[in-house]
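**Q** Quick one: structure below, then a few questions.
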Amino acid sequence: MSKRAVLLVNLGSPDSTSVPDVRRYLNEFLGDERVIDKPRSKLLRTILVNGIITPFRSPKSSKAYQEIWTAEGSPLVVTSQKVREKLANELGAEAPVYLAMRYGNPSIASVLAKIVADGVTDILLFPQYPHYAMSSWETVVVKVQEEAARLAKPLNVETVQPFFEDADYIEALYQVSAPYLSLPHDMLLVSYHSIPERHLREADSSRAHCTVMKDCCSTCSPIHGTCYKAQVLKTTQAFVKRAGISADKHTVSFQSRLAGEPWLTPYTDYELERLPKEGKKRLLVMTPAFVADCLETLEEIAGEGKEEFLHAGGDWFQHIPCLNDQPPYIDFLAGRVRAWLGGRKPVEIQAGQRAQTLAAAE
Ligand SMILES: C=CC1=C(C)c2cc3[nH]c(cc4nc(cc5[nH]c(cc1n2)c(C)c5CCC(=O)O)C(CCC(=O)O)=C4C)c(C)c3C=C
Ligand SMILES: [Fe+2]
Ligand SMILES: [Fe+2]
């Protein structure tokens, strides 16, 4: 007898804002070879991450987490738990819903163990990322496959694809944003998490398209199945079309970069300085790469970003909250799950295909 269930996976947060907990979390997160992938040697990467990056970063990150932490815990984790509960209520007896985090707790291994102990034979893995990036969507998919292979009992895993231009997702974004879009503003800044530019080229199995061809992201190419930049631009286009926002009223930028190499541009902090100088004094900011509000949206955008913008001469700044546990997002998730329960196969990108292609090329 088969028994089906849903597994939501998001990024995860430290267990607390203490420096040791933040450091443990950052060691796990940045120790992931799909997040910090250079140098190639695992030993050198461990020295770089555990010996240099996290000792310096943890105290700063701990302070940032203190700014957003609530009595219930990390906003990302707490909101994800609420999403799980609401989706489970919506689905009722149709399918149980589980939640795991790629880093920190509850870990993917512990939740998969519970899933099989509950007699589940088939899961729909729903990475909580609208866009493909090897450092977000792919690492979740690979980790679940690795941990599922270690289980004593077989578990069949099917995976929801990045949903960056799914009409229901765009509609959910629109429904949640609409009350803010009606506020008087000069510009909508659509800010996405940045990634190293190099990751675009590494995800391009042709090695001849991403950042190599002129206007690569605006051409139609199968490579865009694994192109983060092309996908975020498609989300933006679909959203502004749905919301009726003209080209001169919105702009895209990329936030949260590490030093050392070029990341996707334009950088959000530069845009926050530039816009008031060009007379865009009233600014709305939305962050569709994140389905739940988290450190990146609450501290970096709604906190620091607002201060930067006002300091640069802006008059008014409003961050549009993420989808969080709002009904339109729960409806979107439920719709995708019901399609699967009804027999539709989520077409799978071969996770790990990029890594295998690279290994073969070496
Ligand atoms: C939305 C998708 C995300 C991608 C792609 C992504 C890539 C990426 N991130 C880092 C480094 C850090 N990210 C941090 C926080 C963070 N990142 C995402 C999402 C993506 N990251 C989220 C949702 C969060 C917030 C987590 C939370 O607990 O609220 C952090 C930690 C905070 C800090 O110290 O600044 C780091 C570090 C890299 C290097 C990367 C791609 C290579
Ligand atoms: Fe990140
Ligand atoms: Fe591209």
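Heads up, the Cβ atoms here are built off N, Cα and C, so glycines get one too.
As listed in TrEMBL for this protein:
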- His193, Glu296: Fe(2+) binding site (BINDING)
**Q** Would you mind pulling the DSSP three-state label for Glu296 (Fe(2+) binding site)?
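**A** The residue in question, Glu296 (Fe(2+) binding site), is helix (DSSP, three-state).
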**Q** Under 8 Å Cβ-Cβ from His193 (Fe(2+) binding site), six or more apart in the same chain: what's there?
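**A** Once residues fewer than 6 apart are set aside, His193 (Fe(2+) binding site) is near Ser136, Phe254, Gln255, Ser256, Ala289, Phe290, Glu296.
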